[in-house]
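Quick notes on the structure that follows.
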Amino acid sequence: MAGEAEALATTAPLAPVTSQRKVRNDLEETLPKPYMARALAAPDTEHPNGTEGHDSKGMSVMQQHVAFFDQNDDGIVYPWETYKGFRDLGFNPISSIFWTLLINLAFSYVTLPSWVPSPLLPVYIDNIHKAKHGSDSSTYDTEGRYVPVNLENIFSKYALTVKDKLSFKEVWNVTEGNRMAIDPFGWLSNKVEWILLYILAKDEDGFLSKEAVRGCFDGSLFEQIAKERANSRKQD
């Protein structure tokens, strides 16, 4: 019969990968119930109540992630709104068109309220949980809630150079480590999403911080960057 130490072990001697990709066992010291999926907020060990001042507007965390691109707050993100969002984030026109086509083509149909495709490629925020794909970090659950422990595990497993920060190589390792068998759409989507986030939010030393990743999950990162850019333009 296994003792308490073995029952709570997070590494297995015959599975070296469990030692290479460590998970934390101290999260409850600073984050209540880190295993419990949160519907409205995206907390971590430094922000146990989520993003201060960020209004969920009653949306799930996954819906909040997308809502930045909904320019007129009608619950639908059309390609021209996605394009405007990317421009507000600082992407040039060509890359904004590219990312817009990729995102709306990939996620429009699965979020539609009917089986009939729409040539306008709208993404319906109400149904964004249906756009969850495989080979991701599982920080969103299948209903669009946010699971704090899985955010923390990303960084305990892969942030080996600087605590709570990912280099580009480590971002790549995240996408490789999350790969599931026979899931090419998930492999590609996961890599595109993480590389896009790295391009958007890496710091001057080339690292992607846990705070930036957390802000991406609840959309507050997008709001912050767009606001900073708008203020900068006013000062010019």
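Just so you know, glycine gets a Cβ as well, placed from its N, Cα and C.
Annotated features, as they stand in Swiss-Prot:
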type	residues	note
MOD_RES	A2	N-acetylalanine
DOMAIN	57-92	domain 'EF-hand'
BINDING	H65	heme binding site
BINDING	D70, N72, D74, E81	Ca(2+) binding site
MOD_RES	S220	phosphoserine
Quick note, D70 (Ca(2+) binding site) and the residue listed as 'phosphoserine': C-alpha atoms separated, nearest Å, by 14
Whose Cβ lies within 8 Å of the mean position of the Cβ atoms of D70, N72, D74, E81, the Ca(2+) site, other than those residues? F69, Q71, D73, G75, I76, V77, Y78
Which residue among the recorded positions N72, S220 has the fewest other Cβ atoms within 10 Å of its Cβ, if you could check? N72
D70 (Ca(2+) binding site) has its Cβ surrounded, within 10 angstroms, by a count of other Cβ atoms equal to 18
In Å, rounded, how far does the Cα of D74 (Ca(2+) binding site) sit from the Cα of H65 (heme binding site)? 15
Provide, as an integer number of angstrom, the distance between the C-alpha atoms of E81 (Ca(2+) binding site) and S220 (phosphoserine). 17
Fewest other C-beta atoms within 10 angstroms, as judged across D74, E81, which are the binding-site residues: D74
Local Cβ density at H65 (heme binding site) - other Cβ atoms counted within 10 Å: 24
May I ask you to report the DSSP-based helix, strand or coil state of N72 (Ca(2+) binding site)? coil
Taken over the domain 'EF-hand' (57-92), the model's mean pLDDT: 99
